[in-house]
Amino acid sequence: MANNTLHRYLFEDLSVRGELVQLDDAYQQIISSKEYPKPVQNLLGELLVATTLLTATLKFEGSITLQLQGDGPVSLAVINGDNNQKVRGVARFEGDIAEDATLHQLMGRGYLVITITPKDGERYQGVVALEGENLAQCFEGYFERSEQLKTRLWLRLGEYEGKPHAAGMLLQVMPDGTGSENDFEHLEQLTDTIKNEELFGLPAEDVLYRLYNQDKVQLFEPQDVEFFCGCSRERSGGAIVTIDRAEVDDIIKTEGKISLHCDYCGTSYDFDSIDVANLFEQATSGNDTVH
């Protein structure tokens, strides 16, 4: 049974909030769009889990894009998610990548770009150097500098029942200032004991009971996480008519068709000479109507 859910919870007596995300299909769809080496799959998985955890903090309609850029074998890895937990992602890489490649071996000298885009309002963008030993530490550093809130992330990737899974947890001190450092460290130590198979295979309620049965935990309604690309034949056609007609005709003459490929979901859209003629005719008639 597919398990793609985000759970928010609150420690009632400790002024600490938490999140738990468990992903299978949503993660599998992202990494199946290309033949990614295992370390790149894992990198996308960690970025996906982090994006899902961060979008849960949005207090408005909008989206968060997490983008890794570097001069290593992986030049780009990006995940986009919105407040409805619709996610998509892609990575670009070159050359051979070792099975045990670390974050810094994958990205080289790189940085993390965090872009928050409200539906209404100004966009915010933060840039963080990849200074931590792993991606979780990079995000923890971001929270410490940008929000001054103690935050811990756990990002887990692995196989469960023969399929790739991704999961993660987040703990964060509430901004009311009443939480103690000892309380937070206590919860960190408990969360450190979680095993991958528990995160991948147990219901959220069981995970939280397994970790925090001595604490009062309020669990909120779950939110589904869904892979959503948004590409379509219509959008691809709209992109074609922005290209010079002579250039499009040259491609049709040489290739017999013009193809647009979606990096996010792997779908290809093919247009032959008749399709292209119709596209430009519709675009021209549309412009005439406007004028």
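Backbone N, Cα and C define each Cβ position, glycine as well.
Listed features, source Swiss-Prot:
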- Cys229-Cys231: disulfide bond (DISULFID)
- Cys262-Cys265: disulfide bond (DISULFID)
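Across the structure, Cys231 (disulfide bond) and Cys262 (disulfide bond) place their CA atoms 7 angstrom apart.
All protein chains shown were included, and the count of other CB atoms within 10 Å of the CB of Cys229 (disulfide bond) stands at 17. Long-range Cβ neighbours of Cys265 (disulfide bond) (same chain, at least 6 residues apart, Cβ-Cβ under 8 Å): Gln29, Ser33, Arg88, Phe227, Cys229, Cys231. Other C-beta atoms found within 10 angstroms of the C-beta of Cys231 (disulfide bond) number 17, with every protein chain shown included.
Sequence-distant contacts of Cys262 (disulfide bond), defined as residues of its own chain at least six apart whose C-beta falls under 8 angstroms from its C-beta, comprise Ser33, Cys229, Cys231, Ser236, Ser268, Tyr269.
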